[in-house]
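Participant: First the structure, then my questions, so here it is.
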Amino acid sequence: MGTASSLALQKTYQKILREKESALEAKYQAMERAATFEHDRDKVKRQFKIFRETKEKEIQDLLRAKRDLEAKLQQLQAQGIQVYDPNDSDSDDNQTTVTAAGTQCEYWTGGVLGSEPSMGSMMQLQQTFRGPEFAHSLIDVEGPFANVSRDDWDAAVASLLRVSPHVPQALWSNTVRCYLICTPDTKAELDIFIKKHSSVLRRMCEGLGHFYLNVCFPEENAASYAVERKQEIERSSVCVLLLKSTHLCSSLVEDCEEAFVKNPDGHPLVLYLRTEEGHNLTAPIRQLLERVNAADKAAKIKVVDHSGSAEEGANLIYAQLEKVIKQELLGLEGADVDSKDSGIEEGHEEDSGDVLWDLHDEQEQIESYQQACSSTTSQLGFQKYIDRLNDMIAAPPPTPPLLVSGGPGSGKSLLLSKWIELQQKQSPNTLFLYHFVGRPLSTSSEPVLIIKRLTVKLLQHFWSISGLSMEPSKILEEFPRWLERLSARHQGNIIIIIDSIDQIQQAERHMKWLIDPLPVNVRVVVSVNVETCPQAWRLWPTLHLDPLSPREVRSVVNAECQNVDFKLTKDQEKKLERHCRSASTCNALYVTLLARMITRLANCACGQTLEQCLHCQDTMSLYRLALKMTLNSLSTDRERHIMREILCLVCASHNGVSESEVLDLFPEVELPVQSSLLHHLNRLCIVTLRCGLIRFQHLQAWEAVRLEFLGGGSSSTTYREKLIHYFNQQLSQDRVTWRVADELPWLLQQQEDRTKLQLSLLNLFVSQNLYKRGHFSELLAYWQYVGKDKSSMANEYFDSLKRYEKSCESEDSMTKLANLYETLGRFLKDLGLPSQAVAPLQRSLEIRETALDPDHPSVARSLHQLAGVYVQWKKYGNAEQLYKQALEISENAYGAEHASVARELESLAMLYQKQNKYEQAEKLRKRSVKIRQKTARQKGHMYGFTLLRRRALQLEELTLGKDSADCAKTLNELGVLYYLQNNLDAAKVFLTRSLEMRQRVLGPDHPDCAQSLNNLAALHTERREYETAEDMYERALDIRKKALSPDHPSLAYTLKHLAMLYKRRGKLEKAVPLYELSLEIREKSFGPKHPSVATALVNLAVIYCQLKKHSDALPLYERALKVYEDSLGRSHPRVGETLKNLAVLSYEEGDFEKAAELYKRAMEIKEAEPSLVCGNAPSRHSSSGDTFSLRGPAPLPHAPR
């Protein structure tokens, strides 16, 4: 046994020995192979070095030959021989790609070194060299279309927009007001229309976020409402006249004169004429029709001639009105708006991407500003304050925010509005972002919404709405970073004005960014009530509004008296003057209110009124007296009751109540009574209409109503209950308008009814409405109040959706369901809950694929949102697949050049960028930018051709008069509008007419002639008619040099474009003095250390390089680099560009080592911040320097409903 085991052991030992020997053998062989490999590698390295050294000269010769060839081509072009270059762009002077707006979408596009080479081989640096690049700056691209100068762009578009969503111009305060004029024998048609059809029109308008109101004054009491009728006609969106062949009453004739004869172009007009066989028109009616016809020169009145029944007549009126409202008032161009999820909403979805904008917040701000500007009191000795504001704004940076302080009613809002208005005229290059804070707890005082609105407006001005975070805390945190980044790209100043900032909830905590140093070209002006100003802000430079002087008091009182044609006696004037001496009785609001009370009740005992007023020692007691006196002036108890109820409802509501809501709540109220009451309360500075809602004009008016009618607020509960009942009724009819979403949850929160609040939030359409309008923070605050965290809120929504799904059967309800699931998914994704966002987005995708079609465009939307979740998870492979699917569907559905295709391309580009696949990202981004440019041109950007066309038609009518400077200005504006519509032939006609008229009226050397020449030159450049363009630019430059100051922006503009043209035509020597002069102007305008001066330095250096004057170029590059580093920081993309240019210069000079070093640093900057939209460099101006990353760029927003 032992022998056997020892034999076995021996065998095993020998086997192990053999294995060890073979392993050693293999090791020696491997070492031998490694030595050979190393020898070969060294040999290859040596060969490569020899090859590189021998080839270097050849490569330089090739490059030289290439440059010579390019110079020859330029000479040929200069001689007028067209050489086709597919990449030739007229829009810029720096070979960068321009987005729809003309803003560079990527700092690195098509730069010096083409696609980004690695540092591994300097050969790539040589091979991809394409000549130095020009620095980009918003200065180099004027307005959204490259060749239109910024001034002209501003002038042409000022009447269309103020960098905001399309707010329908034809609506007065967001309300479709239909003014109806009828004779007794057409009352039948009117009654049928009001009972049967107007509710349909109202539902349509409310579904689109507007109010609808029928305005009609019955014949029997129309005479007693003359003032109100005139005012209502002025405000109306459309007027309808119903006539038959009988007599006319005087009020009807007056209304016709006002609406149809005096101002036929003021609004769309509809004339319904009921004729019967055997009945001829009476003489008065014939005469009236003749006058109407004579006034209607443009044949715009829609005539409905009808001889059938009253019911058919009402149907015809309805059909005509529906068409007018859709096409002319809301600019829907025949869109189908019946279904709640019609193409309109789809379109908004497509365009708004991930930025959720609230049209109503924006309209409220525009109206607050316009109302303050048009106030008669706004002339109040403000010049001294305006001068001081201008001085403070012009102070050298860094400048802390500027505080405008004063007591309540001292005229802070009026001053700021007037100042903005003047500044906008004087400084067209300054971007103004303003916000007027309303009363506490209203939407306009919600800090997150304010900052979100300002951020979106800022981004939108630069035409790059990038993935803006919707998380409330992030919105506040990221604003200073956006401000810093975008201010570096803006030529002029950016001025942010926040009025009544101390009314913002927890202002100090939420407005922390004010304490940080502001970027050099940003100024902030805030107004505060002197008593409630936070302590930390009192150290800022302050402009305090003094009480009115006796002379100013007199001028306010006199202005009010003149308005109503009333005169005070000498004795009364003295009493007033003596009374308005204390601080509380000589502020602007007190004096205005006092003057209006005296003149308003002038027909009664004026002396008595005055005595009562003089007992009031402050604005609050005067307001309370105004309320009592207005009540006493009403003729019936019913009217007094109505006034009280309306004011109490406005007081108890979140944002006010609309006129149509008041009429719903009080069916016994007739419109004339309501109209008259609101007119009187508006005159007494108590209420106003903003965005279609009755609101208080001043905080003190609200306070006075609370004290006078609500027992200091103790009876608010009753009125809140009334409103809750009203909005709940709308909810039960499955009508969720923006009003229900704005008011109901807020009212329930005020009533501390958590159960009902949760129920209202679980009505998915309420939450969807709030989310889609960007009222994110509100929605979260409600859930917090109910006691739910984000996660349990997500579960509640998901369960609620599953329950709702059981009731969905029709295709329409399934579409709505898919939209709800998508909204929930987006909401949760934005809240940083990707794991919970996947299920609803997945369900939305399933429903759309089955209910609609796997290739339906909305399926692409679901895929896009799902991909976004995978990006958050860093699962880039899955995201790429989904984006590619979405891209394919969009291309098949819309064609290769649609905005939604651009959106998918951008998302894919961002994805590749995150994975450092820069070349792939660049390719997609370039393609997306081309689409954006094209669609922007086709659409006249997001405001729609409807608006451009309507404005162009209005202007054409104005130009039919005699030759005048104004008429020539209008012709110029028309030319620019047609240019924006890409109708170059029409643009040329109008611009030429403008030039000829200006030469006749003003003389050939007037600066206005230079403007026309400049625009015509731009148009010829667009058509590549360079010789004509050059001649016109040269003529414009001559005029501007003689007529304007050497540092005038218009002169700089012409200089720059002529220089670009010279460069394009190879006339580099002629371009040099222009670039030098341009640099000089910028140095004078901005000082030597401003980024735009660095831009001019780079542009001049580039020209020197092209002329081979390297020694002249080097100090300019070095100076530009220092300015950029000092003003924008060492890691800013522009620093990177300048380093790349310096690398090329060093290379040309033969200093390859320095070139490599500079290029390496440029690449480090590029990798640290690949583009504006996904930058993660900490802000130098924010209090927390932590890094952040934002989602990819989304399309420009249409305002969601």
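A Cβ is built for glycine as well, from the same backbone N, Cα and C atoms used for every other residue.
Just lifted these from TrEMBL, have a look:
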type	residues	note
COILED	14-79	coiled coil
DOMAIN	171-331	domain 'Nephrocystin-3 alpha-beta'
DOMAIN	398-524	domain 'Nephrocystin 3-like N-terminal'
DOMAIN	551-709	domain 'Nephrocystin 3 helical'
DOMAIN	720-958	domain 'Nephrocystin-3 TPR-repeats region'
REGION	1173-1201	region 'Disordered'
REPEAT	860-893	repeat 'TPR'
REPEAT	1010-1043	repeat 'TPR'
REPEAT	1052-1085	repeat 'TPR'
REPEAT	1094-1127	repeat 'TPR'
REPEAT	1136-1169	repeat 'TPR'
Participant: Short question: most Cβ pairs under 8 Å with the domain 'Nephrocystin 3-like N-terminal' (398-524), which of 171-331, 551-709, 720-958?
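Facilitator: Maximum Cβ contact count belongs to 551-709.
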Participant: What average pLDDT is reported by the model for the domain 'Nephrocystin 3-like N-terminal' (398-524)?
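Facilitator: Summing pLDDT over the domain 'Nephrocystin 3-like N-terminal' (398-524) and dividing by its length gives 83.
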Participant: Go ahead and report the DSSP secondary structure tallies for the repeat 'TPR' (1136-1169): helix first, then strand, then coil.
Facilitator: 30 helix, 0 strand, 4 coil
Participant: Please list, for the domain 'Nephrocystin 3-like N-terminal' (398-524), how many residues fall into helix, strand and coil according to DSSP.
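Facilitator: For the domain 'Nephrocystin 3-like N-terminal' (398-524), the helix, strand and coil counts are 60 helix, 22 strand, 45 coil.
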Participant: Is it possible to list how many residues within the repeat 'TPR' (1010-1043) are helical, extended or coil according to DSSP?
Facilitator: 31 helix, 0 strand, 3 coil
